[in-house]
């Protein structure tokens, strides 16, 4: 440690706290100066301890405040990217991610099941409707074939009725303009057909 006399020579017999003046040489004009702050503490107020070979500061001594250098980097507000994350938090994030993934998979499976069920119902409905339409078309085609067949039969039946000229036969065909009338006419006997024609045409 530096002894008292050497320290006194270095600081010129004076030591200051805070922003007080410190001068190595009273005649030195280049000495660093500060604005006065609180009070000056002389070196005589420091006590020397020969056992520890150190100077003991007085109770009322306050060290000078030195503002931080503007070039001094400020500490980061958050840990660097490569800093370790607590294992508990990592496990928590992994658990949440796995739970979310599990729930998403369950929702996806349910949605897929609903889509397949709706698709199956739709296909079944289309098949039923197609079968109905096919049956209707088949029945209509059969009716057309039967109508054509009846027309040929009716004309032959009308020609077989006695005492009818061609004009009366043509008018008889016009009377049989529905399937029910045609069926009814075919069920008649030849005499009944002749009477029905005379009745409809007003020949009686």
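Placed from the backbone N, Cα and C atoms, the Cβ positions cover glycine too.
Automated prediction, rather than curation, is the source of TrEMBL annotations.
For 15-34, 45-85, the entry in TrEMBL reads region 'Disordered'. Summarising the annotation, TrEMBL assigns compositional bias 'Polar residues' to 49-60. What TrEMBL records for 65-79 is compositional bias 'Pro residues'. Annotated domain 'At2g29880-like C-terminal' per TrEMBL: 154-200, in sequence order.
Across the domain 'At2g29880-like C-terminal' (154-200), the model assigns an average pLDDT of 88. Helix, strand and coil counts under DSSP for the domain 'At2g29880-like C-terminal' (154-200) come to 37 helix, 0 strand, 10 coil.
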